[in-house]
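**Student:** Pasting in a structure now, in structure tokens, and then I'll have a few things to ask.
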Amino acid sequence: MLDLKLLRDRPEEVRQALNKRGAVADLDRILELDGKRRQLETRRVALQAESNSLGKKVGELIRQGADPQGAEVTALRQQGADLKAEIAQLEQRERELEEEMQTLLLTLPNLPLPSVPVGQDETENVEVRRWGDALKPTHPVLPHDEVAEKLGLLEVGRAVKVAQSRFVAMVGAGAALERALIAMMLERHIAAGYTEVIPPFLVNSAALEGTGQLPKFAAESFRCADDDLWLIPTAEVPLTNLYREEVIPAERLPLYFCAYTPCFRREAGSYGRDTKGLIRLHQFQKVELVKVTHPTQSEAEHEKLVQDAEAILQMLELPYRVVELCTGDLGFSAARCFDLEVWFPSQNRYREISSCSNCWDFQARRANLRYKEAGQKGTHFVHTLNGSGLAVGRALAALLENHQQPDGSIRIPQALRPFLSSRFLSEDGALRTAP
């Protein structure tokens, strides 16, 4: 959520920043509601003071011997009752204005940092660096979905029978390979200082509102009809909300969390795109990284977050590039974001496998997540960061293509081998599909 004081003090600056994102926002209405609410608050406080004064006056008169049922005391009590009724009306109207204002504020995306490149869409993102050789192979490379089915790593038709389209079932060596990837990712991140969490896979509406998925992206999520619970679209939601409505001692910052979870997305706007394979599914596996930091640390922690995600791609020997997202391509909650895009030889292009975002205090304001400096009064909002470390299905898909050998076998990268059962690993380091 944006700082309301910033909107009051520098509305044009906020308007220009939102325009860079291509966001449509009724700032004038928000400021109008805020102004009316503050006027009512001023009036209510004055009436409350008057009511308190009347109460004291009545008490004083009675102590001085006035008749409690007399005309003077009765008139003052009636005046006090009228004031209380007016105060109650003002409080009700204040709540209505506050509710409408908060509803509008929740629809506003985060403001991009001044350093973010200005652009309209992904075509204007800026490449930062590359790693590995993204070369067109000298031998034919099957798309990952074809080689996976050929090797018996996944079941598509039977998964669709159990659920619907955009679901798959990993089986045999495919399941073992996915499990090995998850274990490798978690072990690397734990070694880098992250605390592993197994969070709830169902969260309430307040949690989704805290990280910015609600109200804007309700149509993208799966909801349990009889409960205020949603299947998580990413572990970012439960991890970031672990400390919601709490005050963290500043000396405990930064906090690092990692989690493996299944993730669930309706993909309502992706009809006809990536209909085969592991790229775009309703249910997919992901290892997520979340940081809760002091504001002075967040930019440095953002760069470390990107490096932590990059480390997995390097361990898997997968060519990739780092891209900074332009203003028009930023996620709703992000103030700055770097995407990691892994190379897919069959498509002759890079595809996103991780988004590493610095949300500044945007999510913290929505979740009321604060810190307190020792020996100082007051609290301040933390900064939150998140990134995929990595999307497991896409990592597996990229591995099947980039390490596909001329004979059709799949070479398992050295760093992954200790996590894969020897039943599925041949002596020359290739994936064995029939142990």
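Yeah, the Cβs are placed from backbone N, Cα and C, and that goes for glycine too.
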**Student:** Pick from Ser115, Ser388, Ser409: which one does Swiss-Prot list with Thr234, Ala235, Glu236, Glu288 for the same L-serine site?
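**Tutor:** Between Ser115, Ser388, Ser409, Swiss-Prot records just one in the L-serine site with Thr234, Ala235, Glu236, Glu288, namely Ser388.
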**Student:** Give the sequence-ordered list of residues that share a chain with Ser388 (L-serine binding site), lie 6 or more positions from it, and have CB atoms under 8 Å from its CB.
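**Tutor:** Non-local contacts for Ser388 (L-serine binding site): Thr234, Lys286, Val287, Glu288, Leu289, Ala309, Ile353, Ser354, Ser355, Cys356.
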**Student:** Among the binding-site residues Arg265, Arg266, point out the residue whose Cβ has the most other Cβ atoms within 10 Å, with all shown protein chains included in the count.
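**Tutor:** Sorting the candidates by Cβ neighbours within 10 Å, the top entry is Arg265.
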**Student:** Which of the three DSSP-derived classes (helix, strand, coil) applies to Arg265 (ATP binding site)?
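**Tutor:** DSSP call for Arg265 (ATP binding site): coil, neither helix nor strand.
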**Student:** If I restrict to non-local contacts, at least six residues apart, and a C-beta distance under 8 angstroms, what lies near Glu236 (L-serine binding site) in its own chain?
**Tutor:** Thr211, Glu288, Val290, Asn386
**Student:** By a simple count, how many Cβ atoms lie within 10 Å of the Cβ of Ala235 (L-serine binding site), its own Cβ left out?
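**Tutor:** Taking all protein chains shown, Ala235 (L-serine binding site) has 27 Cβ neighbours within 10 Å.
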**Student:** If you skip the near sequence neighbours and keep only those at least six away, which residues in the chain come within under 8 angstroms of Glu267 (ATP binding site), Cβ to Cβ?
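**Tutor:** The answer is Arg166, Glu220, Arg280, Leu281, His282.
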**Student:** May I ask which of the binding-site residues Arg265, Arg266, Glu352 is closest to Ala235 (L-serine binding site) if we compare their C-alpha atoms?
**Tutor:** Arg265
